[in-house]
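> Sharing the record's features from Swiss-Prot:
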ZN_FING   6-28  zinc finger
ZN_FING   34-56  zinc finger
ZN_FING   62-84  zinc finger
ZN_FING   90-112  zinc finger
ZN_FING   118-140  zinc finger
ZN_FING   146-168  zinc finger
ZN_FING   174-196  zinc finger
ZN_FING   202-224  zinc finger
ZN_FING   230-252  zinc finger
């Protein structure tokens, strides 16, 4: 019927059954309960683990009916089929990630360029997509605030609270397989991995300079815009970098 009666309380996305909703919720919490017995990699759902495990076994059960080429997953086969049908797919030239929808592709590209076209009219903060802006607006409206029991800090959704709470517990569930460093968030692990690979996927659209971390690109962009968002509460002096503000604060 196409009915999707189950709603994610974090982002409002709809699902046809509770099992898919539960898998989706892990994208907010960062939970990855399924572990590969061969390499130790973690996954949010069993189906992704099964596809990954075929990389170890060499199993490729999904065959193209046009040329009989085999793939480890149906999604890989479907992407390949477009080469026969002429259907469009959108590939990121920076990291190679493939998208079937232009809207998803455009949002992803902004993660590399640092472009944030959706601006909050209340405080001026910008975001790469409208859904992030809508979540942020809850800070101003006070909608559905959840509070940390340790320090009283408020959050718009529980996934942010769960990540914040690791500051108090010291939990760092994401481990680098190269050097063993532990991190509190998945995106921190992803950006840390670029240091080992030598990759710099975040590029300034003004001058072409590349960075391994998104916030380095954001701070760099202030040099072009002249913006100084980090302000000293003592004297009002503004800075383009948080580290410069911290160094300045010692003078007071």
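Quick reminder: no glycine exception, Cβ is built from N, Cα and C everywhere.
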> Can you count helix, strand and coil residues in the zinc finger (34-56) using DSSP?
11 helix, 4 strand, 8 coil
> Is it possible to list how many residues within the zinc finger (174-196) are helical, extended or coil according to DSSP?
11 helix, 4 strand, 8 coil
> With pairs closer than 6 in sequence left out, are the zinc finger (118-140) and the zinc finger (174-196) joined by 3 or more CB pairs under 8 Å?
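Per Cβ check, the zinc finger (174-196) does not touch the zinc finger (118-140).
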> Can you tell me which recorded stretch out of 6-28, 34-56, 118-140, 202-224 has the most Cβ pairs within less than 8 Å of the zinc finger (230-252)?
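Result: 202-224.
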> For the zinc finger (230-252), DSSP counts of helix, strand and coil?
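Each residue of the zinc finger (230-252) counted once, the result is 8 helix, 4 strand, 11 coil.
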> Quick test of the contact rule: Cβ under 8 Å, at least six residues beyond the ends. What residues does that give for the zinc finger (6-28)?
44-45, 131, 135, 144, 157-159
> According to DSSP, how is the zinc finger (6-28) divided among helix, strand and coil residues?
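Counting residues by DSSP class gives 11 helix, 4 strand, 8 coil.
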